[in-house]
Amino acid sequence: MLLRLLLAWVAAVPALGQVPWTPEPRAACGPSSCYALFPRRRTFLEAWRACRELGGNLATPRTPEEAQRVDSLVGVGPANGLLWIGLQRQARQCQPQRPLRGFIWTTGDQDTAFTNWAQPATEGPCPAQRCAALEASGEHRWLEGSCTLAVDGYLCQFGFEGACPALPLEVGQAGPAVYTTPFNLVSSEFEWLPFGSVAAVQCQAGRGASLLCVKQPSGGVGWSQTGPLCPGTGCGPDNGGCEHECVEEVDGAVSCRCSEGFRLAADGHSCEDPCAQAPCEQQCEPGGPQGYSCHCRLGFRPAEDDPHRCVDTDECQIAGVCQQMCVNYVGGFECYCSEGHELEADGISCSPAGAMGAQASQDLRDELLDDGEEGEDEEEPWEDFDGTWTEEQGILWLAPTHPPDFGLPYRPNFPQDGEPQRLHLEPTWPPPLSAPRGPYHSSVVSATRPMVISATRPTLPSAHKTSVISATRPPLSPVHPPAMAPATPPAVFSEHQIPKIKANYPDLPFGHKPGITSATHPARSPPYQPPIISTNYPQVFPPHQAPMSPDTHTITYLPPVPPHLDPGDTTSKAHQHPLLPDAPGIRTQAPQLSVSALQPPLPTNSRSSVHETPVPAANQPPAFPSSPLPPQRPTNQTSSISPTHSYSRAPLVPREGVPSPKSVPQLPSVPSTAAPTALAESGLAGQSQRDDRWLLVALLVPTCVFLVVLLALGIVYCTRCGSHAPNKRITDCYRWVTHAGNKSSTEPMPPRGSLTGVQTCRTSV
């Protein structure tokens, strides 16, 4: 038990000549530098930052004298205590043969005249960064370890241009002077005070003195005032003639002193600013041999060749400055994190990106996008909408058809002279959502029987109807046709003029009625009804509409064409003979029908034969000259014409040899009730065949291209892989040599370097 108490007491007693370990910071200064001990647990990086904030750096004891000063400062610390010093080594930078073993000082160099390693150098790959720490007890040797571990404290070093000695104790002084260093360490146990330190002296008389370690005009560094520091009163009411402060001497004399940042002028009373004309690049402080000293801001250090200039310090060379990535720039550095990590608030550490941060970023991005879209909507003007429907396009594979054109003289309601002609080229598909119309009506021109003109059915008052020349189906009878008036037939020979007979037929089915019949129903007063041309005959308007009974039927017969005359002669002679005297009318010219001119009349049965019966003159309505009416545009109905007509539309220009529109009478539309013919069906078949050609072309073009490519590949193959030498058998390439020694002199000698008696040839396997 006694032995244990003795050992505990020995461990508690400090070693001889060494300062005991205290938890308070302390410092030891020399003529050119100061070392300060801060017993606070820090990592290497944190310790380096703490020293930089105070204007210094981690301790770099390069000489034995500096090492001895460090030993006296550390004294006796804990048995296992460690203190960081300014030595570090980067990964894979081992140099065991050098004094510092690959370590460098935090100042960036490897110059040293002193080392104190605790362990010998070893050969190794040095895969990680290492930092050096000083033992707090014993011989204060250097140990290397991980830079991220926190140790018991750290040592800082502060360099200055000069230092002032400690003030001696004077008579009348209340106690030792208290010094405040530039690195904010307050103590009264300094032997040397760095440049810029302040000494506070307390006198017994109640007054004190404050001194500043500054540069002297003669050179060097000294205190701003010399003793005695505790004089009697003698400044008087005018402050002793001093500009700033007046100090009374012991013998009653007074001395002047300047405030911080100023120095006493040569007259001893006024004060001047030493940094007003100092050539410092960044910061200037009064003091020093020249009255001022230049300092650099954080991130810079004084240049070695010129103390007035400042150069950048590469902080990224210090191990552990940043947790992941470090970027150095002039005057500082910045830490970055790899993908998936984010920088913490301290600006050094990195942590994995959390879900809350990612969600906040996404919300911010969505908010910015929403704001951008709202801005675009506000800037985009609204388009004006007139409230009308847009006409849809028809089916793309159905080509729009146009009503036939029979030339300029046969168009109704010609424009006046000088009025420009306009082409009405519009598609014929019906607009969407259109109102229901009446039954479909079409006029059919048959190519197998003579043309019959009937004017007993006028055009219905609809803007969507047009006369259609169709060869596909017979006309449909209207539901409520308007009242109709007969028209005068074209002029023929007098010997063939047979009067018409008006007869009343009962209502019969379509198949039991006479060959060509048009029914007349009670008249009604429709709106304006422009006539529509359905054949090549001029249109003639009757002067009035004669009322007829509801059951009245009008049958119109045309005389047969004489055998000795062709249809062309009949129509041509009709231009020269006037109408009968009992049938008043207008002398007109009927142009040839393209159907009768190109297709001869075919024999028909008795039902389809044409007969005429004389009709009294009183029953024939007189014709009257036509009056021009505004043209009506045909829409929403297709027109199918026979193959003898051209599909192209004639231009609306006057032609020579054609009467003026004003002098040509017009006839009402003549709807034909002839049945479909083979010629019309062949026209539709030709149109369908024309549509099928595109499919054939679409199939043939790729096929031809493919055949051309195959032909080209075959030609290339034949030219590249031509005929080769015939293959030989294996017995033709080798032969047995039985008498190698009896080889005749006539046998050719094999070439030098080749196998004797072996023939080479190319064989195929």
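Any Cβ shown, glycine's included, is placed from N, Cα and C.
Disulfide connectivity taken from Swiss-Prot links Cys203 to one of Cys213, Cys230, namely Cys230.
Of the residues Ser224, Ser494, Ser518, Ser754, Swiss-Prot records the annotation phosphoserine for Ser754. The record in Swiss-Prot lists a disulphide bond between Cys337 and one of Cys326, Cys335, Cys350, namely Cys350. Taking CA atoms as the reference points, Cys147 (disulfide bond) and Cys350 (disulfide bond) are 17 Å apart. Within the same chain, residues at least six positions away from Cys326 (disulfide bond) with a Cβ under 8 Å of its Cβ are Glu315, Cys316, Phe333, Glu334, Cys335, Tyr336.
The disulfide-bonded residues Cys131, Cys213, Cys230, Cys337 differ in how many other CB atoms lie within 10 Å of their CB, and the one with the most is Cys131. The Cα atom of Cys350 (disulfide bond) lies nearest to that of Cys131, taking the disulfide-bonded residues Cys131, Cys164, Cys203, Cys213, Cys230 as the candidates. Most Cβ neighbours within 10 Å, among the disulfide-bonded residues Cys164, Cys203, Cys322, Cys350: Cys164 holds that distinction in the structure as shown. Around Cys147 (disulfide bond), a 10 Å sphere centred on its CB holds 21 further CB atoms from the protein chains shown.
In space, Cys164 is the closest of the disulfide-bonded residues Cys164, Cys322, Cys337 to Cys203 (disulfide bond), judged by Cα positions.
Put simply, of the disulfide-bonded residues Cys131, Cys230, Cys322, Cys337, the one whose Cα is nearest the Cα of Cys213 (disulfide bond) is Cys230.
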